[in-house]
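In what follows, a single structure is set out as structure tokens and then discussed.
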Amino acid sequence: MSDNSTGTTKSRSNVDDVQAHYDLSDAFFALFQDPTRTYSCAYFERDDMTLHEAQVAKLDLTLGKLGLEPGMTLLDVGCGWGSVMKRAVERYDVNVVGLTLSKNQHAYCQQVLDKVDTNRSHRVLLSDWANFSEPVDRIVTIEAIEHFGFERYDDFFKFAYNAMPADGVMLLHSITGLHVKQVIERGIPLTMEMAKFIRFIVTDIFPGGRLPTIETIEEHVTKAGFTITDIQSLQPHFARTLDLWAEALQAHKDEAIEIQSAEVYERYMKYLTGCAKAFRMGYIDCNQFTLAK
């Protein structure tokens, strides 16, 4: 891992960018999230699933790819509001460590895990992965790598590879983008409207965020020594997730404005509905990469 001044500065920048979005307000996010407080793509195994059911299905889909056994230690990089760790402890009887750069999520996760009836250890650290040096058995990271910056990918995957034993497995869940050439080859229209929307997302919603292509992920994980054993696209599932988030936020419009402001409400509605459209048009995808040592 890089320990030079540039790396340190970038880490601090990541903290600022993450907190700018995720520390907006727990109460605001709760208006459109399901009861698990999962803020990532759901998995609709059946058409009649509720958002809550689909989020639990996504947690099970994710954890089921890791080969977890009782007593193992699972590291969750970018642990959100703790739903993955909670499910892992309850269903797989493992120890969990969560890393987050969000102060609000750090406090919330600890409260969630403290309520779980288990003898396994559970810790949530307000820390960047670059400052974590303990051995773990499995690693999961869901929609976090988009905040890292491409220049940190090699260090991150090297960190993950070295943290696990010889049979280690990592589940990387990431939104992925396309090169302009790929957009053209697939016949997806290049419009000024979408260009402006992408600028809005990286400026007003996820400052500093960058989407990797599938090829970028493949390049960096194999360079670190991993073998990709499976790639699963969740593209239509994310479009539906965003639809349901937007519907829920719209249904709580007055509360959202009271908690934040009309400007924030309108900004988030634009973000949720616009991203759903981007997934349906094929500009972006969401993929789960299963990585084995």
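Any Cβ shown, glycine's included, is placed from N, Cα and C.
Feature annotations, courtesy of Swiss-Prot:
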type	residues	note
ACT_SITE	CYS275	active site
BINDING	TYR39, SER40, GLY78, CYS79, GLY80, THR100, LEU101, SER102, LYS103, ASN104, GLN105, TRP129, ALA130, ILE142	S-adenosyl-L-methionine binding site
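In this entry, S-adenosyl-L-methionine is bound by TYR39, SER40, GLY78, CYS79, GLY80, THR100, LEU101, SER102, LYS103, ASN104, GLN105, TRP129, ALA130, ILE142, whose most widely separated C-alpha atoms sit 23 angstrom apart.
Remark: TYR39 (S-adenosyl-L-methionine binding site) has PHE29, GLN33, GLY80, TRP81, GLU143 as non-local neighbours, by Cβ distance under 8 Å and separation of at least 6 in sequence. CYS275 (active site): 22 other CB atoms within 10 A of its CB, across all protein chains. Neighbour count (other Cβ atoms within 10 Å of the Cβ, all protein chains): 25 for GLY80 (S-adenosyl-L-methionine binding site). A 10 Å cutoff on Cβ-Cβ distances gives GLN105 (S-adenosyl-L-methionine binding site) a total of 26 other Cβ atoms nearby, all chains included. Ranked by how many other Cβ atoms sit within 10 Å of their Cβ, the binding-site residues LEU101, ALA130 place ALA130 at the bottom. Annotation for GLY78 (S-adenosyl-L-methionine binding site): spatial neighbours LEU99, THR100, LEU101, THR141, ILE142, GLU143, ALA144, ILE145, HIS147, criterion Cβ-Cβ under 8 Å with sequence separation of six or more.
In space, GLN105 is the closest of the binding-site residues LYS103, GLN105, ALA130 to CYS275 (active site), judged by Cα positions.
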